Amino acid sequence: MVAVLAALSPGQVTFFAVYGWTLALWLVAEFLNWRRSQYEVVGSDLETLVERGDAKDDRGHAVAATSNGRGSGGSSDDAPKPPPRLLTWQGMVEDCVSSGLIRCMLFDLSAIKDNRDTLRSMAELGSLMVWYFMCDRTSLFNAGEKSYSRDVFAFLFLVLTAVAFGSSNQLIKAPVLLARQQTEEWKGWMQVLFLLYHYFEAREIYNAIRIFIAAYVWMTGFGNFSYYYKTGDYCVGRFAQMMWRLNFLVFVVCLVMRNSYMLYYICPMHTIYTVLVYACLGIAAHWNQHNGLLAVKMVLALVFVLVFWDIKGVFYFVWKPLTWLVGYDDPRKDDNDVLYEWFFRSSLDRFVWIYGMLCAWAHPHASALLTLIDNLPAVNRALVRSAVLSAVAVVGYFWYVHVYCLPKLEYNAAHPYTSWIPITLYMVVRNMTPTLRLHHLRLYGWLGCITLETYIGQFHVWLKTEIADGQPKALLELLPGYPLLNFAAVTAGYVYVSYRLFLLTNSLKNAAVPHSNDTLLLRNVIVMAVVGAGLYFATYALLDMFVY
């Protein structure tokens, strides 16, 4: 036992201890709710007798209906809960102690019963993290070698696309430019190619993968700008929910797998660009109503990028104190610059999030232009669309020949300044006609909803890293000797686990991060931070005294 604990980090020991306790609390909650359901059945039978006038007590007297029973709506569970009291130190402490998390930890049966759904989500999340650990950090499953076949790679993608066309080609209500269903579809098919690139180590499409990642970042700028610009909702709760969505799962995985945050570089990239979009529109929000002032904001964002990324010394000066967060040292390589990975990854797409905001800003005008083209006489409409598609073909050809076909290092140098070109060309072609805008492939749209979970999960339940902070150099093998059957089996489990994690992340977000109650949000943040830090340091102290 001591040897096992010595091989684990304090964070891992903390996780497994919390997982065991959560599992026990969930089982207790299920038992309590089962017992309550039995009492409710008996109570409902009694109420029926009371209504008929047939119920009597032990002395034979008639039982009168009262307003105190649960069935009559008088349950204390239905009473409105008082708001959190964080205005004073005493009120803050009292409110934190009375939170559901603390009460469950102290084995308050009422709290355990009321928080059954949350405990169930936590227990399932913990179980899936145990599966992550078993697949990647134990010898239960073999590690297979990667091998690339262009034929197999293309076959798998084309078959999936054919299935998507045949079984999930759906219509939306109106031919909207860049509708949500369309952008989710876009994310979905890019994610499939991105994952296959890693599984087969298809190095020949490296440049395409760079474009796909740029498109994800473009969507961060486009989607967040659209939301803030239309709604004016800059509340802390909504921003906190975005941070939860981007970072909760990766935080738990880093804890369980003993990995650095930067191993999953997509998460910090989207986080920083989400923060920048929020800052760009949230600061001096009244400027957003005036095109001239909003244009000034865009220029200032561009200047910020030029100073922050193009002057490397500024970037390193700002991020060096946060090396513990964004530093990364690949154990399989000799590299002393732990900030290089963060600088390299984030600088590749440092401009495209601004282009995403510009596209969102211009979206109403582009939509009006498309409507104008759609309403032209048939001959004129065909001529305009032909001219646009011809221009797209010419630009695409020159971009492909002079940019896309560059060797890896040369392409990386050109990518930040040219990634907007293929993104724009795709948008133009995909939205050229109302028919194209009306249709979307739901299968790819569904996969697009779980891109974050599939991105993180690929490291551990599809591929194998095998060591802390290691890159996924091997394949997870459930069926050794049968590569295609193994691919099918592993992929099915991997996608299912990713989907469950997507649902669990959202479920726990709703429980922990309220949208419109900043006081409750502050209370929850304090409780989670104090409890988490307390458990971690207590575990560290115990391990230091008795194990290490």
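Placed from the backbone N, Cα and C atoms, the Cβ positions cover glycine too.
For reference, TrEMBL has these:
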type	residues	note
TRANSMEM	12-29	transmembrane segment
REGION	57-84	region 'Disordered'
DOMAIN	117-521	domain 'Cas1p 10 TM acyl transferase'
TRANSMEM	205-225	transmembrane segment
TRANSMEM	270-287	transmembrane segment
TRANSMEM	299-319	transmembrane segment
TRANSMEM	352-373	transmembrane segment
TRANSMEM	382-401	transmembrane segment
TRANSMEM	441-461	transmembrane segment
TRANSMEM	481-499	transmembrane segment
TRANSMEM	520-543	transmembrane segment
Counting only residues at least 6 beyond its ends, the same-chain positions whose CB falls under 8 A of a CB in the transmembrane segment (270-287) are 216-217, 220-221, 224-225, 228-229, 232, 234, 239, 242-243, 246-247, 293-294, 296-298, 300-301, 304, 346, 349, 353, 357
Same-chain residues at least 6 beyond the ends of the transmembrane segment (382-401) with CB under 8 Å of its CB atoms are 373, 376, 418, 421-422, 425, 428-429, 432-433
Looking only at the domain 'Cas1p 10 TM acyl transferase' (117-521), mean pLDDT returns 97
Beyond a gap of at least 6 residues from its ends, the CB atoms lying under 8 Å from the transmembrane segment (352-373) belong to 176-178, 214, 217-223, 225-226, 229, 273, 276-277, 280, 294, 298, 301-302, 305, 381, 384-385, 416, 419-420, 423, 427, 431, 437
